[in-house]
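Participant: Pasting a structure here, questions to come.
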Amino acid sequence: MGNKVAAFTEDQLEEYQVCTYLNRQNILRAHRLFRQVTGGDAPKVMNRNATATVTAPFSQLDKLPLLKDNPFRRRICQVFSEDASGNLNFDQFLDLFSAFSDAAPREIKVVYAFKIYDFDEDGFLGGEDLLAAVQHLTHGQLSPEECNSVVKKVLEEADLDCDGRLSPSEFSHTILKCPYFLQNFKLRV
Amino acid sequence: MNSHTNIDRAESLPFGSSRVYENVNNQNVPLLHGNNGYPHESRTVIETPFTETGYSSQPNDATLTEMYPSRTSSDGSVVTLHDNKVEDAKVKLSKLKLKKQPIDLKRVERQRLLRNSDAIKGDSVDAGPQMNSCGKITWRFKGSIKHAFSRINVVRVLNKMVQAQAGGGVTAIFYLIEKLLLLNFLLGLLLLAVLYMDLSADDSSSNNAEACITNCTPTMNCSNESVNLFHTIFEGKGIIESSKLFAGTYSSDAELAYFICVIASGSVSIVIVGEALVNWILMQQRLKSTNCFTIFTPLVFKGWNFSTAKRLNKKADEQHLARELQLMMEAEQLPEIDGFATARKRIIVHLASVFTTLIGLIIVYLCVRCTQILDYFGSSHREVVCQRFLGSFGTSVIIAITVKVADIVFKKLGLMEKRSHHDQLFWLILRGLTFHLMTIGMMAYSELYSVVEDETCSCWETSYAQQIYSMVLLIGVVQVMKLTILPMLRVCIVKAPASLVKCITRHRFDKKVNKFVSKSAPEFKLASNVYTLIRLQTLCWLAIPVSPMMPLLVCLVLFICLLTNMFNVFVLKLRPKLWFGQARASSFFSTALCLSLAVSFLPITNVMFMKKPSSDCTPYRGNEKQYDAVWSSESGPDNVMLLVLMAIIVEILLVILLTAVFCPRVLVVESVHKRRQRKQQSMIVTG
């Protein structure tokens with residue numbers, strides 16, 4: 001490999017490939033992106049300690065071109081961070097790209113989509129969660145009455161057990177009817 | 001906490017798995033226990049010391065015995081521990097990715113599994129299927145090609161930009177244009193074989209191109225030179241008539257090639273149009289099976305498209321979504337059909353549409369017949385010929401005006417019905433398309449059955465082809481005007497003076513002018529675009545038996561349509577008023593091609609199998625019917641066999657290629673979807 005210093009050992013790379021849906025190239029690209037976001041705090045050679053301790057703050061992740069226009073960027077970072085602060089270490093950063101990668105199956109994406117939409121983190125998508133999702137998506141284009149109407153319609157359509165909220169299985173069943181879900185829940189490194 | 005194992009069930013994650021911590025050396029190290037394939041027998045968790053690298057020391061067999069109790073197989077023999085643990089570990093490693101856990105937990109799990117099994121240590125475990133080196137190389141090669149192609153796939157990039165800016169309905173128009181470009185390009189390539197056969201024909205043959213007498217000789221002259229030029233360009237007379245655009249001047253050596261290529265073109269068209277129809281049918285079935293009454297939920301949960309990275313696109317996306325949601329709420333609030341009143345209104349509208357269609361057809365028929373009527377008023381050969389020229393282009397113009405008026409009538413009629421935006425647009429397009437296709441059919445019928453064979457018209461094929469050429473060219477000219485002249489006029493007459501006035505007086509008068517010109521704000525006309533494209537393709541199919549190069553001309557016009565639409569979307573920022581979701585629009589517009597092919601079928605069959613070819617022009621001259629070319633070819637048997645073999649191979653290859661590209665995708669998508677549905681239903685049943 002000449003004079004280049006490898007960012008990861010072969011063992012680390014293999015481990016990441018086994019544990020995520022990313023290939024070697026994606027992992028290395030994610031590492032370069034991570035170093036960019038951390039402003040050089042992340043070392044060139046990432047040992048196990050560094051992957052767990054060096055974190056990218058949300059204020060920097062917010063400015064990533066891939067994420068900066070996404071209305072759910074804060075929720076995405078909160079879901080993948082350990083303490084819901086939105087700061088991510090390298091492992092969590094890879095987790096994010098793995099969940100949104102092309103190779104990740106629908107089941108994985110549905111799990112994380114549910115977590116992202118679950119704003120109050122109670123394990124269900126209630127009226128407030130749906131209202132927040134609609135407001136994030138339309139960004140003030142709909143009036144509050146219209147937003148409430150949409151939420152009501154969604155619950156009418158998807159709440160099969162009529163408990164006023166969507167459980168994970170109801171959400172998963174609903175996602176089957178979304179033809180663009182898979183192509184939208186995709187992020188390339 | 002003590003140093004011994006202290007199992008503490010931590011919080012439950014939403015999907016059933018739980019997190020268990022093991023206290024080792026005063027550190028909480030996460031360990032997974034769950035319902036993910038672990039043996040259910042009771043066992044003791046063994047404390048395993050971790051080194052700095054995270055790996056533990058190698059456990060001995062005694063500890064392994066406690067961790068993995070042996071089991072008895074059905075025949076009474078004891079399955080060895082080693083076999084158990086290797087197989088279990090392999091399976092668990094391969095499924096590690098599927099676990100919905102963070103990487104650190106999976107890492108620990110992986111280390112644990114590797115520790116417990118010597119046999120798989122060092123193996124490269126991959127969750128995907130095992131491939132040999134040749135397979136890996138092929139897979140990587142395919143991936144690189146696909147990746148490279150996606151980067152230079154301008155079409156895909158363009159469609160994404162249009163989707164982000166203007167929504168799904170407009171994107172569907174672009175998809176249709178691209179599909180038609182591909183289709184006509186393939187047809188054009190196929191029909192180039194005819195040109196090749198003609199160009200390589202023997203010049204000494206008595207049936208060569210120069211012996212052809214087409215509709216009017218190139219030496220024809222009207223009194224005015226500019227009129228001559230007009231007739232040449234807009235009606236395909238003069239040098240265009242004797243060019244290779246029309247079949248009139250092709251030598252008889254090309255008759256077999258031409259016939260076979262026309263059949264092959266039909267096959268290619270059927271495959272491409274059939275694919276659209278199959279997609280539409282599958283989509284309808286999917287909607288029925290997945291309970292098509294969920295309309296809000298897919299919009300809210302469809303996710304955010306990470307491709308819309310720019311701020312402008314993001315705003316457009318928000319607006320589209322908001323608009324779609326508003327339209328759906330509007331549709332929900334529409335009053336139910338209150339019995340007789342609304343139903344009566346709708347019946348009146350349908351009858352009015354049928355009446356409008358009939359009037360339009362009569363006008364078209366009379367227009368075509370007028371060319372024959374004019375023949376009787378000419379006192380000399382030249383005058384008759386000139387009048388006939390005017391009639392041919394005049395027919396195209398009158399047909400264009402008739403369909404335009406009909407579009408306006410259908411739009412007004414549609415407003416009388418109380419329908420949602422989706423349904424209104426659907427009925428508008430359906431009525432308009434029916435009218436357009438029927439006028440084309442009437443034109444074709446009139447041309448084929450009204451031409452009188454006399455000395456001024458000895459080649460009905462060329463006359464027929466010229467009429468179609470005239471209509472195609474008119475569409476192209478209108479598109480060019482929309483792209484160049486109309487925006488220039490708008491800038492010169494409205495924008496520039498308005499800017500000047502605004503600078504001086506701070507008063508904006510361009511809005512008043514716009515209102516004067518058109519009472520409503522300019523919009524991207526979805527219906528009009530669909531009509532134009534379907535008309536163009538219908539004319540192309542009709543012309544193939546009499547004009548081999550027509551698909552290439554249509555390609556050019558389609559490209560101009562694409563440029564015009566890009567200009568409308570990106571420069572003029574036109575947006576449709578009536579909304580269509582992309583999936584529904586794409587399948588509906590593509591299915592309209594089936595209607596177009598069906599309408600074209602009768603005239604094509606008539607030309608190829610029923611009407612007698614002209615005696616002095618086209619490769620089929622002298623035959624009773626065009627299909628006689630198969631038996632009456634004057635080429636030597638070797639040439640015929642070679643030609644037939646070549647044509648069959650080309651056709652089979654094209655059909656296989658198109659089928660391989662389109663059908664598996666359709667079938668795979670369908671089977672994957674069904675599997676997911678079954679899995680989901682079983683999950684819901686088990687709770």
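Residue 1 is the first one shown; counting continues down the chain.
For all residues, glycine too, the Cβ spot is worked out from N, Cα and C.
TrEMBL does not curate its annotations; it predicts them automatically.
A quick note: this is a predicted structure, and the numbers were derived from the prediction, not measured.
Quick paste from TrEMBL:
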- B:180-197: transmembrane segment (TRANSMEM)
- B:256-278: transmembrane segment (TRANSMEM)
- B:347-368: transmembrane segment (TRANSMEM)
- B:388-405: transmembrane segment (TRANSMEM)
- B:425-445: transmembrane segment (TRANSMEM)
- B:459-574: domain 'TMC' (DOMAIN)
- B:468-489: transmembrane segment (TRANSMEM)
- B:526-544: transmembrane segment (TRANSMEM)
- B:550-571: transmembrane segment (TRANSMEM)
- B:583-604: transmembrane segment (TRANSMEM)
- B:640-668: transmembrane segment (TRANSMEM)
Participant: Looking at the transmembrane segment (B:526-544) and the transmembrane segment (B:347-368), are there 3+ C-beta pairs under 8 A, with each pair at least 6 apart in sequence?
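Facilitator: They are not in contact.
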Participant: Other than its close neighbours in sequence, what residues sit by the transmembrane segment (B:180-197), given a CB gap under 8 Å and a spacing of at least six beyond its ends?
Facilitator: 244, 250, 253-254, 257-258, 261-262, 264-265, 268-269, 272, 533, 536-537, 540, 544, 548-549, 551-552, 554-555, 558-559, 562, 643, 646-647, 650, 654
Participant: Report, as numbers and ranges, which residues of the same chain sit near the transmembrane segment (B:468-489): CB under 8 Å and 6 or more residues beyond its ends.
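Facilitator: That would be 233-236, 240, 245-246, 392-393, 395-397, 399-400, 443, 532, 535-536, 539-540, 542-543, 546-547, 550, 553-554, 556-557, 560-561, 563-564, 567-568, 571-572.
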Participant: Which value does the mean pLDDT take for the domain 'TMC' (B:459-574) in this predicted structure?
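Facilitator: A mean pLDDT of 79 is what the predicted model shows over the domain 'TMC' (B:459-574).
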